[in-house]
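Annotated features, as they stand in TrEMBL:
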| type | residues | note |
| --- | --- | --- |
| DOMAIN | 16-291 | domain 'Deacetylase sirtuin-type' |
| ACT_SITE | His140 | active site, proton acceptor |
| BINDING | Cys148, Cys151, Cys199, Cys202 | Zn(2+) binding site |
Amino acid sequence: SVSRTSPNLAFVPACPPPDPVEVEELQRFVSSSKRLFVMTGAGISTESGIPDYRSEGVGLYARTDRRPIQHAEFVRSASARQRYWARNFVGWPQFSSHQPNTAHLVLRDWEKVGKLHWLVTQNVDALHTKAGSQRMTELHGCTHRVFCLACGDQILRSELQKHFEALNPTWKAEAFGVAPDGDVFLTDEQVCNFQIPACRKCGGILKPDVTFFGDTVSQEKVNFVHQRLAESDSMLVAGSSMQVYSGYRFALAAREKQLPIAILNIGPTRLDHFASLKLNSRCGELLPLIV
């Protein structure tokens, strides 16, 4: 039931086509698993046209000296929030229009037939949700939701876009390049007159429902994911170098439980030295070959 869509390879590092021997090895790995735990990262969404941070040559860090906003800076600084939301406002129409690619659809289908026990994504792009995955945890949250830091009230990001438009009817800005989390690059001059709405209920600070760099994932969510991993019999990492500890901890837990671990990622990962299987291919090219 996977629909074939043409991948967008602008932000995908070069890699060789899948090796038939490796395809067979991954097929055996998946076939022998009854309760597969899957963790995905930015590398599964690059084929949908969303850049990642770390890929060689094409990731944000390779193309620019820009760095994502830090949690403490967002909370502390009104000007940092103004800059963040102005950039996010301009980037939102394009970012929110990205669609799942073949890899997302394959994982959805594995869930439907009972192969995939639980999916944990480190991505905040909602593409697994759009694909129809349900047995899933968004480890770092989702940019499609916004909440108030003071009272916790939630609002859809699409609703917030309308508030931005109402507050900034004549504000216009031309973007310079797109970043992985949906914002764009703007100059300080462009940002300085941008108006930001406060929480509709208490007047507090609005923040996307995502874990910014420097923040931590809630212990409740971490415990929940550990429980799903404890119910699983193997782990597949798709499209992640696992450089961020919030995700890497679950691979360490899988190793401790002596679960077989397979990695599908272009380029090296933190798990390469203890994985059962490492494949250096595009997720959207290799996963559809597995039945």
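Quick reminder: no glycine exception, Cβ is built from N, Cα and C everywhere.
Long-range neighbours of the residue listed as 'active site, proton acceptor' (same chain, six or more residues apart, CB within less than 8 Å of its CB): Gln122, Asn123, Val124, Val210, Thr211, Val217, Ser246. Figure note: comparing Cβ neighbours within 10 Å for the binding-site residues Cys148, Cys151, the maximum is reached by Cys148. Shown are the binding-site residues Cys199, Cys202; of these, the residue with the fewest other Cβ atoms within 10 Å is Cys202.
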